[in-house]
Amino acid sequence: MGSVISAEIFRRYQQYKATGELRRKPVIGIVIEEAPRVLGKEVIERQGNNIYSTIAREGRKFNIGLIAITQLVSLIPRTVLANMNTKIILGNEMAQERAEIIGSASQDLSADNRTIASLDKGEAIVSSIFTKFAVPVKIPLFEEFIESAGLESEDTDDDMIEFYRVGLSMYRFAHLSDCHLGAQKHPDLRELEFEAFRMALDDALQKDVDFMIIAGDLFHSNIPNMETVKRATLELRRVREAGVPIYVNYGSHDYSPSSTSMIDILESAGVIDKVVRPIPGKKLGLEFTVDEKTGAKITGLSGRSRTLEAEYFMKLDREALEAEDGFRIFLFHSAITQFKPVDLADMESVDLNLFPRGFEYYAGGHVHRKGCYIEEGYGPIVYPGTLFGSYAGDLEENARGETRGYYLVEFTDRAREPEFREIRPAEFEYIECDVTGKNSQDAYHQIGREIAGHDVTGKVVMLKIRGELSSGRTSDIDSASIREKLESMGARVVQINRYGLSTREIQKVRVVESDVPRLERRIFREKLAGLDIRNRRLMEEGDSIAVELLRRLENEKAPGENKSEYEKRIIEDAGDVLGLDLGGDGT
């Protein structure tokens with residue numbers, strides 16, 4: 001098995017060198033204990049050169065090293081020993097073996113024969129082509145090494161991991177996205193939304209991260225409620241004062257083409273660092289932001305509406321980005337076509353081939369579900385998902401078991417496997433009632449019996465009522481009394497989803513959807529299908545344009561903004577969506 005794995009590594013690294021990718025790959029050391037079993041003269045004479053002897057001779061050209069451990073040096077061919085540039089020589093009392101060691105050393109050790117025989121535990125001589133003379137070294141016992149570092153044998157695994165992390169200059173960062181602060185209107189949900197944000201920052205600080213990344217949609221609006229901004233700023237400043245930078249990009253919600261976003265204001269105040277900095281030219285160049293402590297290089301693109309995202313990606317100067325060395329993070333706020341969940345097939349996306357290749361980490365946002373994807377030629381492509389949830393569909397997924405949180409990433413010259421850190425500010429309870437075939441009165445009583453069997457104390461309850469009533473109106477099912485009953489049972493928050501409820505007596509627009517943007521899109525699409533529209537763009541993108549226009553028109557007047565300024569901003573936003581230059585005066 002070891003031979004198969006080593007051969008595959010060697011083959012891939014040969015290929016990386018041929019394609020110019022080798023310098024961005026980590027150096028690999030392959031360790032063989034009892035080395036004569038695979039590198040012995042008899043083995044090679046009987047089987048011919050194997051992958052280990054090949055790596056001994058050629059591996060360094062492809063950033064692969066071989067570490068052979070043995071006391072019986074004489075069993076290994078001189079041709080193999082000669083290609084091992086550094087030898088750590090421990091005590092050996094066998095004269096024949098000492099002779100082979102001395103004969104294959106990079107320096108003249110003929111006067112050290114007896115010294116090698118008398119080397120004690122922890123004593124060694126290093127002979128290497130990289131030094132002018134052999135170097136005596138002292139190797140501490142593992143127990144002494146741990147004690148000198150201030151650790152004891154009973155210390156936890158976390159203590160040991162932290163010790164090695166510091167010793168190996170391993171760094172950490174937290175990757176968050178889609179916090180959507182200010183999305184929730186219900187006071188308790190708004191508090192939980194913020195609590196999730198605070199808990200994530202606290203957890204990341206406790207994990208001693210070196211920096212944080214928020215991959216878009218920190219706020220639910222580009223001009224959020226001022227109380228939301230105040231609380232968020234206090235938390236972000238607390239992180240910054242702890243010596244932890246926060247790197248962000250715009251999401252599709254907190255970007256505005258016509259006015260200053262709250263992201264810009266927070267950057268001006270020194271609370272966060274916006275990392276998307278285009279370089280003008282025929283191709284779209286991107287400037288890297290270098291983290292001062294770790295040397296990590298961060299760049300990327302912000303979220304945009306509709307097809308604008310793909311246009312920006314197509315203009316990218318990928319060749320220049322790929323040529324940059326170091327540990328690179330590409331920050332983005334877009335769905336990737338190859339990784340879209342099946343039920344999100346309608347979501348606009350960007351093809352992976354438009355991304356620069358070879359970055360060590362791809363920090364994604366916009367998709368509200370967590371995911372970590374590995375694709376050849378790319379570092380980990382990671383979506384943390386929404387931190388709490390901005391829509392009813394998100395909260396329903398929470399209640400059905402979807403975990404929310406952020407990713408903790410450790411790295412040296414490459415990223416280790418990202419660790420998902422769950423953040424749970426509240427417990428959820430999911431209740432689903434299918435009332436198909438019931439009249440409205442029977443359906444109401446069935447719902448009452450169903451909820452009575454659930455423990456909802458202190459929980460956020462997501463009640464989904466679906467099915468087609470045989471008679472009666474859907475409004476006959478009294479949501480207010482159902483909510484009161486659940487609250488009397490101790491529920492903290494009650495959300496009732498009736499989108500899937502219909503009746504045979506009345507059928508208007510048929511939709512079965514709980515995610516508000518997708519619900520709006522489906523309604524617009526159904527209405528468009530009934531219109532005689534000759535404009536090709538409206539036929540193909542009409543639903544997307546309508547949803548985006550609706551979202552822009554929902555923006556409230558900002559503090560200090562007078563009526564004419566507000567109207568001008570709304571008109572310019574609408575023009576941006578429609579692809580028109582309205583000039584802010586409606587003309």
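Our numbering is plain: 1 for the first residue shown, then up by one each step along the chain.
Glycine is no exception: its Cβ is also placed from the backbone N, Cα and C atoms.
Taken from Swiss-Prot, the feature region 'Unknown' covers 1-169.
Within the same chain, residues at least six positions away from ASP178 (Mn(2+) 1 binding site) with a Cβ under 8 Å of its Cβ are ALA215, GLY216, ASP217, GLY251, GLY365, HIS366, HIS368, PRO384, GLY385, THR386, LEU387, SER390. According to Swiss-Prot, the Mn(2+) 1 binding site annotation covers ASP178, HIS180, ASP217, HIS368.
The DSSP secondary structure for ASP217 (Mn(2+) 1 binding site) is coil. Swiss-Prot lists ASP217, HIS333, HIS366 with the feature Mn(2+) 2 binding site.
According to DSSP, HIS253 (active site, proton donor) sits in a coil region rather than a helix or strand. Here HIS253 (active site, proton donor) comes close to HIS180, GLY216, ASP217, PHE219, HIS220, SER221, ASN222, GLY303: these same-chain residues lie at least six apart in sequence, with C-beta atoms under 8 angstroms from its C-beta. Here Swiss-Prot flags HIS253 as active site, proton donor.
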Three states by DSSP: which one describes HIS333 (Mn(2+) 2 binding site)? coil
What is the one among the binding-site residues HIS180, HIS333, HIS366, HIS368 whose Cβ has the most other Cβ atoms less than or equal to 10 Å away? HIS333
Across all the protein chains here, work out how many other Cβ atoms are within 10 Å of the Cβ of ASP217 (Mn(2+) 1 binding site). 29
